[in-house]
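Engineer: Have a look at this one before I ask anything.
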Amino acid sequence: MSKARVYTDVNVVRPKEYWDYESLVVQWGHQDDYEVVRKVGRGKYSEVFEGKNVNTNERCVIKILKPVKKKKIKREIKILQNLCGGPNIVKLYDIVRDEHSKTPSLVFEFVNSVDFKVLYPTLTDYDIRYYIYELLKALDFCHSQGIMHRDVKPHNVMIDHQLRKLRLIDWGLAEFYHPGKEYNVRVASRYFKGPELLVDLQDYDYSLDMWSLGCMFAGMIFRKEPFFYGHDNHDQLVKIAKVLGTNELDHYLNKYQLDLDPQLEALVGRHVPKPWSKFINADNQHLVSPEAIDFLDKLLQYDHQDRLTAREAMDHPYFAQVKAAESSRLRTQ
């Protein structure tokens, strides 16, 4: 059995009310307090609008949920409530529903974010260090509260570049971590799925988020979005194996006594690891440093137990400048 290296027993020692989301009694607010301004996006499970609170004129984001199991909605609400006020976690303001259709909506703080496909190519080396560090604060916090996000990707990281403000959003796939529990492997978005999901290891943990973060980081420093571009879940593992090598994959499978299905094994083939230096080119070399490569290498490990935790990641030398700037800013406040 595999268990998390950190924050293993958070939900074991907390009262049942903390993690037992099925028992949540939702306190509904008033839908009339909000009006929709414009549509800003849609996901598999929701449509998202910019809105405003008609009483205060304050901008907000309204996430109108598509018909989905009540249990899943309660899970998202409970997690958002548990994490509210944590560093760089999107704030849930209210939960409302339509009187007639009973369609629930979640009301969040507004973040004036730019599409990552537009923003990322403009980021400097320092910007990337800064924003990844801000994202790590959110991840370490949610992990410390016994929660895995399970859908870390650029689309779920809102950045207001003018205010240098980052928020981790969309907690719809997030789940409470219970040691030894077997989870659904059909989570995360394909390009950010950890090897554990692709080889059907079900007793995964917070370290799944660290793989997804590694994929996101690789995309940013190498300017290759997405970094692992699989056409389906099988091909996703092939794309990973072509970079990390197949001996290392075998080692991982053996350690956890897993077998690949023969069809997948044939697709994966045999590959030697590809050095990270092979991804450096004239376009991205200003973003790649020895410490960036070292940091990436410690995230993109097949074995989830070998990946840096969010806390360990924050202590990596890659963030030394960011931490120095942060402590001097705090001193001068």
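Here the Cβ of each residue, glycine as well, is placed from N, Cα and C on the backbone.
As annotated in Swiss-Prot:
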- ASP151: active site, proton acceptor (ACT_SITE)
- VAL40, GLY41, ARG42, GLY43, LYS44, TYR45, SER46, GLU47, VAL48, LYS63: ATP binding site (BINDING)
- 34-319: domain 'Protein kinase' (DOMAIN)
Engineer: Would you mind reading off the Cα separation of VAL40 (ATP binding site) from ASP151 (active site, proton acceptor), to the nearest angstrom?
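Structural biologist: Checking the Cα atoms of VAL40 (ATP binding site) and ASP151 (active site, proton acceptor) gives a distance of 19 Å.
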Engineer: So, in DSSP terms, is VAL48 (ATP binding site) helix, strand, or coil?
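Structural biologist: Once the DSSP labels are grouped into three classes, VAL48 (ATP binding site) ends up as strand.
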Engineer: Which has the fewest other CB atoms in a 10 Å radius around its CB: VAL40, ARG42, SER46, ASP151, the listed recorded positions?
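Structural biologist: Ranked by other Cβ atoms within 10 Å, the recorded positions VAL40, ARG42, SER46, ASP151 bottom out at ARG42.
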Engineer: Between the two most separated Cα atoms in VAL40, GLY41, ARG42, GLY43, LYS44, TYR45, SER46, GLU47, VAL48, LYS63, the residues recorded as binding ATP, what distance in Å do you get?
Structural biologist: 14
Engineer: Quick one: give me the count of other CB atoms within 10 A of the CB of VAL48 (ATP binding site).
Structural biologist: 19
Engineer: Inside 8 A of the center formed by the CB atoms of VAL40, GLY41, ARG42, GLY43, LYS44, TYR45, SER46, GLU47, VAL48, LYS63, which other residues of the chain have their CB, for the recorded ATP site?
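Structural biologist: Other same-chain residues with Cβ inside the cutoff are ILE64.
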Engineer: From the Cα of ASP151 (active site, proton acceptor) across to the Cα of VAL48 (ATP binding site), what is the distance in angstrom?
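Structural biologist: Counting only the Cα atoms, the answer is 17 Å.
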Engineer: For ASP151 (active site, proton acceptor), identify the closest of the binding-site residues ARG42, LYS44, SER46, judging by Cα separation.
Structural biologist: LYS44
Engineer: Enumerate same-chain residues with a sequence separation of six or more from LYS44 (ATP binding site) and a Cβ-Cβ distance below 8 A; give 'none' if the list is empty.
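Structural biologist: The answer is LYS66.
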